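The next block holds one structure in the form of structure tokens; read it before the comments.
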Amino acid sequence: MQIEKKDIRALSKDQLRDFFVANNDKAFRGNQVYEWLWSKGAHSFEDMTNVAKTTRSMLEENFVINHIKVDTMQRSNDGTVKNAVRLHDGLVVESVLIPTETRTTACVSSQVGCSLDCNFCATARLKRMRNLEPGEIYDQIMAIDKESRLYHNHPLSNIVFMGMGEPLMNYNNVIKAIDMVTSEEGLGMSPKRITLSTSGIPKMIKKMADDDVKFRLAVSLHSAIDETRAKIMPFSKNFPLKDLREALEYWYRKTKSKVSYEYVVWKGINDDKASVDALVKFCKYVPCKVNLIEYNPIDDGEFQQASEESILAYIKALENIGVVVKVRRSRGKDIDAACGQLANKEAEV
């Protein structure tokens with residue numbers, strides 16, 4: 001039976017060095033190969049021209065180099081770009097370039113489909129097929145960086161893990177990808193320009209704090225009332241708000257980093273005074289800011305955007321206690337690239 005080869009880009013630099021030592025070669029070969037894989041973007045071992053042919057053959061026998069392919073690219077009227085990204089096994093994920101006047105942001109995926117079941121999100125309708133490898137996450141970012149340079153004449157300025165999947169359920173691979181992006185071999189981007197958005201898994205938020213991560217944390221909250229939140233995000237029954245609160249307090253004690261709350265206001269769901277009051281109370285637990293996000297429909301109309309009056313009620317109440325509030329008007333809606341709309345429509349093509 002043929003043994004499936006491992007993607008070499010899943011190895012760290014130290015693991016590559018150890019591999020060469022274990023195979024009676026010099027440790028510095030690991031540095032050479034690592035540079036080819038990440039800084040130079042080698043797509044095959046034959047590309048590694050300063051590596052001996054016998055060494056390349058040994059790598060070929062033990063590993064593969066899996067790269068993504070941008071199958072389709074759509075540009076929105078507002079300049080947003082959505083990529084349908086084909087993986088080595090034929091599965092598809094989506095990633096988005098979001099431009100503004102001052103910066104370009106990559107919205108990247110961490111899973112094929114999603115492990116969770118948020119009722120308002122198109123991705124949740126896709127069962128989770130698998131986690132993305134570090135290289136697959138990194139390649140999404142590099143593809144968007146190229147598009148940023150092409151269309152906007154400057155490199156990518158920010159990254160948000162708000163695409164397909166729950167990043168904290170693919171934690172190790174997401175961390176490896178972030179480490180590569182922030183390294184000299186990658187984009188050399190400051191971790192402060194990277195935001196990981198989670199639906200709120202308390203034990204993993206605590207783990208991030210213990211790991212002393214330097215990137216920013218956003219939580220998809222959508223309600224500070226357990227019963228309401230469970231209707232919006234059924235999985236949250238397993239993670240009550242008191243546990244989330246405790247984890248966020250722990251996060252702030254360890255990191256001193258503010259939390260961002262992502263919050264959509266829906267008609268008849270969380271647009272009442274009790275919901276506003278509950279969020280105001282929740283925002284007092286740790287220093288935070290709130291992003292009120294325009295809702296993006298996913299065909300069936302079950303969830304409807306609340307009135308401007310309802311949104312203004314949230315803004316007024318939060319600003320009264322000194323919380324910074326931003327209203328996020330979604331971009332890329334005409335190409336299904338906005339928040340909650342990523343759903344692999346290209347996968348069937």
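In case you wondered, yes, glycine gets a Cβ from its N, Cα and C as well.
Taken from Swiss-Prot, the feature active site, proton acceptor applies to Glu94, supported by sequence analysis. Residues annotated as domain 'Radical SAM core' in Swiss-Prot: 100-334. Summarising the annotation, Swiss-Prot assigns disulfide bond to Cys107-Cys339 and lists sequence analysis as the type of evidence. For Cys114, Cys118, Cys121, the entry in Swiss-Prot reads [4Fe-4S] cluster binding site. Residues or ranges marked as active site, S-methylcysteine intermediate in Swiss-Prot: Cys339.
Positions of the features from Swiss-Prot, shown on the structure.
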| residue | record | Cβ within 10 Å |
| --- | --- | --- |
| Glu94 | active site, proton acceptor | 26 |
| Cys107 | disulfide bond | 28 |
| Cys114 | [4Fe-4S] cluster binding site | 25 |
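Model confidence over the domain 'Radical SAM core' (100-334) is summarised by a mean pLDDT of 91.
DSSP assigns Cys107 (disulfide bond) to a strand segment in the three-state reduction.
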